[in-house]
Each structure stands twice: as structure tokens, then as C-alpha cells.
Amino acid sequence: MTDMLAPLLRVDSSADGAESVTRRLTSLFVERWRGEVRHRDLAADPVPPIREPYARLGRRVERRGIVPLHDIAALVADDDERREWDRTLPLITELREARTVLLGVPMYNFSVPAALKAWIDRVTFPGVFANALPDTRFVVVTARGGAYGPGTPREGFDFQEPYLRTYLTNLGVRPENLAFVHAELTRVGDLPALAGLEDLAEKSLTRARERILELTAA
Ligand SMILES: Cc1cc2nc3c(=O)[nH]c(=O)nc-3n(C[C@H](O)[C@H](O)[C@H](O)COP(=O)(O)O)c2cc1C
């Protein structure tokens, strides 16, 4: 990976702490990173779900087409909208300033955690990423209790990668700037239904760690 000195934005969303597989993998990524790191922990410091004044301001902005980020404040109509915009602008700025974004994403109910979705809904304010992300790299590190690869009984149940791939490419992220790293079968020690799959779980974690080392290699 080039441009190691540009800021890295690490976004964690696991409700687990030290036990979290995604947090351990995003920590490994950060240990290998040689530039500035900014950390947003959506479990410890949740982003509030969007409210009606956010939607109202969003519609007003959309009617004007693409509005430069710093002109949006002038369209705020009241204190409720101001409060929503004040909660939103720093998150958008942080994301636009990052050259690499590292997302730690546990699988919850076949999809992404609500904490991450609340952040996505808030940062994706109308128009603010138009032409802003062509050089931004995204590394998405997921962990799943089960397995979802080809030939598994739950093939087709993975609504994490397809959702995030569609969301990010629609936002303007180039496919070559998007990498997914999956650790599967993480609940093998807890769920009797997964007994006997310990080796596969170990291999999946080893592959995920190796992939992170590759992605952070100079
Ligand atoms: C609320 C919740 C929902 C979950 N849903 C799923 C699921 O749909 N499929 C699955 O394979 N594992 C599921 N799991 C297990 C997690 O994906 C697994 O524990 C993973 O390691 C979570 O990432 P983390 O270790 O970084 O927290 C769920 C766990 C929780 C807490």
C-alpha cells in the first residue's frame, strides 16, 4: 500500500471489547501503519441515529443540487437543524480527510451493526462525497460467527460484503481501492453446532492476519 503517511481513519463498531476479533484485526493493521491514525469507536461513542431536522435540511440541500460542504451551514433554518448539522459535519470532515479508511465490521444478523449503519446514514449527507473519494482506500475487516463462502449451507446469507461494496462504490470509491478481509467461524468455541470446525476457524483467522500484513506492507 502506498502513501503510508496520509491519515488513516479507523472505525470500530463491535459491541465487544478485548474479545472482539475485528478490533484485534484493526489493531494489527494500526500497529503496522506508519502514519497518523484517527480512531472512531462507534460502540464506545455512538453516533445518534438521524432525526427529522437532518432529513429536512437534507431535502433543502438536495433541491439545490451539489452544495459545497461549507455552504451547507448557511441553509440551516433553525436550532434543531443546527444541532443535527453540528453532529454531522465533524464526521463528514474526518472521513473526507482520510486517505485510508479501515472499517471493523462484525456480522450482526447477517448484516452490519446498527452502530455502523447510524454512522453511514449520518455521514452520507446529500452531495457531500461527490468527487471527494476517488483516491480514498477502504479496507473492510469483518468477523462472522459462522461461515458464508461458496458451498457452505449459508452461502447467500452474507449481506455485509454485498451491501458495503454497493454502498462504497456508489459513493465513488474505486473498486481497486476497496479490500475485504473476512475472519469466519469466530464462535467455534461457543456454539456446539460448529464443533469440529476449529481448524477451519484457525485457518480463516490466519488468512485474515496475513491479508492485513499484505495490505500494510510498504
Ligand atoms: C447481536 C449479534 C448478532 C450476530 N449475528 C450473527 C449472524 O447473523 N451470523 C453470524 O455468523 N454471526 C453472528 N454473530 C456472531 C458475530 O458475528 C461474531 O461474534 C463476530 O466475531 C463478531 O465480531 P467481533 O468479534 O469483532 O465482535 C452475532 C453476534 C451478535 C452479538
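Every residue gets a Cβ built from N, Cα and C, even glycine.
Bear in mind that the values here come from a model prediction, so they are computed numbers and not experimental data.
According to TrEMBL, the protein has these features:
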{"type": "BINDING", "residues": "Ser14, Met107, Tyr108, Asn109, Phe110", "note": "FMN binding site"}
{"type": "DOMAIN", "residues": "8-181", "note": "domain 'Flavodoxin-like fold'"}
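The FMN site, placed at the center of the C-beta atoms of Ser14, Met107, Tyr108, Asn109, Phe110, has further neighbours from the same chain whose C-beta lies within 8 angstroms: Pro106, Ser111, Val112, Pro113, Arg144, Gln160.
Cβ neighbour counts within 10 Å, taken over all protein chains shown, single out Ser14 as the most crowded of the binding-site residues Ser14, Asn109. Summed and averaged per residue, pLDDT over the domain 'Flavodoxin-like fold' (8-181) gives 97.
Of all the binding-site residues listed here (Tyr108, Phe110), it is Phe110 whose C-beta has the fewest other C-beta atoms within 10 angstroms.
For the FMN site listed in the record, the two most distant Cα atoms among Ser14, Met107, Tyr108, Asn109, Phe110 lie 14 Å apart.
In the three-state DSSP reading, Asn109 (FMN binding site) counts as coil. Taking a C-beta cut-off of under 8 Å and a sequence gap of six or more, Met107 (FMN binding site) has these contacts in its own chain: Thr142, Ala143, Arg144, Gly145, Asp158, Gln160.
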